[in-house]
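**Q** Provided herewith is a single structure, encoded as structure tokens, for subsequent inquiry.
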Amino acid sequence: MLLSVPLLLGLLGLAVAEPAVYFKEQFLDGDGWTSRWIESKHKSDFGKFVLSSGKFYGDEEKDKGLQTSQDARFYALSASFEPFSNKGQTLVVQFTVKHEQNIDCGGGYVKLFPNSLDQTDMHGDSEYNIMFGPDICGPGTKKVHVIFNYKGKNVLINKDIRCKDDEFTHLYTLIVRPDNTYEVKIDNSQVESGSLEDDWDFLPPKKIKDPDASKPEDWDERAKIDDPTDSKPEDWDKPEHIPDPDAKKPEDWDEEMDGEWEPPVIQNPEYKGEWKPRQIDNPDYKGTWIHPEIDNPEYSPDPSIYAYDNFGVLGLDLWQVKSGTIFDNFLITNDEAYAEEFGNETWGVTKAAEKQMKDKQDEEQRLKEEEEDKKRKEEEEAEDKEDDEDKDEDEEDEEDKEEDEEEDVPGQAKDEL
């Protein structure tokens, strides 16, 4: 069958546009994940991950992911995939994070390693290619890390990207393009973008201050100067404080005993403060001197900053004070549109139901606490009432006792007579 040229080109276009999915993990096969993910044995006390959808969710099965389960632990777990290079193509790294424990300090990021990583020995100092995701510790650290390993050095972004710090599931996406640009998205909305060269210190600066240049000695940066024709008035200088003219020495003042009497001082109404000449525009003002710059001889552009020869492992290498974070919906691809669609079909489908379930739980908890508080108050009121009744009975008994004693006194006197 012969195909027309337009149809053939269209089919070829579809084939070219087919996204490459290098890694995808949704944990939809129960315990099957345990055969794909490898625990590091570098330390014997690494925390354990469990499969869970958490205390609240949008879909109990779809929302199952890897959950940290032990407080104050380091975690080290990784999964491998067919090695690939992102040279000449876009790289998209995406996953969801849910800090349902209202995290106080802990990581929620992932690391991408080359396939040379020994997964059984993965640890905090294992060299990685990219680290990406949220990190929270106290009120001061609530950021999205985007760290690239460039020529053996981990280089941090120069911008502060704020992460989500609530208890719900959020979608984090990093896009790195072959034109050395990047984009960070949270919940499929852009929160940062720009140039790799501009926003990371991968390379020496393009320009440096000219080492041979210096500010001329006669360069005047003063915008205003004292008016040379202005002079201080002759009657300007007055003391700030003067003796109180209305003060009188007390009649009983004894100078031999009390010393020489001195009147108290008061603020001088004629005091004018420090005299300063008026200011005028400086006729020699040249503005702030700016150090001229020259091309940095150490600078050399690198069009391949974005590129890595080998990706082969995705790892969760982190520390958490309070456990409970759930990681899910991992995706590594070369297609931005596919990643966005995948995010909408996973996180996007269940986010509303997740919030509804959480809101319902919160309302039930609120009503429970109200009922418990009401019951506690009723019990306290009942105890107070019982105490009051006991007190009244004690007072009545005391009054009866006193009356009996009063009646006994006359009878005793009669018997004595």
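First residue shown is number 1, and so on along the chain.
Placed from the backbone N, Cα and C atoms, the Cβ positions cover glycine too.
Summarising the annotation, Swiss-Prot assigns Ca(2+) binding site to Gln26, Lys62, Lys64, Asp328. Per Swiss-Prot, the feature alpha-D-glucoside binding site maps to Tyr109, Lys111, Tyr128, Asp135, Asp317. Look at Swiss-Prot and you will find Asn344 tagged as N-linked glycosylation site. Annotation comment: Swiss-Prot describes 18-197 as region 'N-domain'. Annotation comment: Swiss-Prot describes 191-255 as region '4 X approximate repeats'. Here Swiss-Prot flags 259-297 as region '3 X approximate repeats'. Residues annotated as region 'C-domain' in Swiss-Prot: 309-417. The repeat '1-2' annotation in Swiss-Prot covers 210-221.
Tell me about the setting of these features in this model.
**A** Around the Cβ of Lys64 (Ca(2+) binding site), the number of neighbouring Cβ atoms within 10 Å comes to 21. The secondary structure of Lys64 (Ca(2+) binding site), as reduced to three states from DSSP, is coil rather than helix or strand.
According to DSSP, Asp317 (alpha-D-glucoside binding site) sits within a strand segment.
DSSP assigns Asn344 (N-linked glycosylation site) to a helical segment in the three-state reduction.
Confidence over the region '4 X approximate repeats' (191-255), given as mean pLDDT on the 0 to 100 scale, stands at 93.
Here the region '3 X approximate repeats' (259-297) has Cβ contacts under 8 Å with residues 204-210, 213, 215-216, 219-227, 230-233, 236-244, 247, 249-250, 253 of the same chain, all six or more residues outside its ends.
Sorting the repeat '1-2' (210-221) by DSSP state (H, G, I as helix; E, B as strand; all else coil) yields 0 helix, 1 strand, 11 coil.
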**Q** Nearest of the recorded positions to Asp135 (alpha-D-glucoside binding site) by CA-CA distance, picking from Gln26, Lys62, Lys64, Asp328, Asn344?
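**A** Going through Gln26, Lys62, Lys64, Asp328, Asn344 one by one, the Cα closest to that of Asp135 (alpha-D-glucoside binding site) is Asp328.
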**Q** Can you grab the distance from Lys111 (alpha-D-glucoside binding site) over to Asn344 (N-linked glycosylation site)? Cα atoms, rounded to a whole Å.
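**A** Between the Cα atoms of Lys111 (alpha-D-glucoside binding site) and Asn344 (N-linked glycosylation site), the distance comes to 23 Å.
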**Q** Per DSSP, what is the residue count of the region '3 X approximate repeats' (259-297) in each of helix, strand and coil?
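**A** Summed by class, the stretch gives 0 helix, 10 strand, 29 coil.
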**Q** Sorry to bug you, but what's the C-alpha spacing from Gln26 (Ca(2+) binding site) to Asp317 (alpha-D-glucoside binding site), rounded to the closest Å?
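**A** Rounded to a whole number, the Cα-Cα distance is 19 Å.
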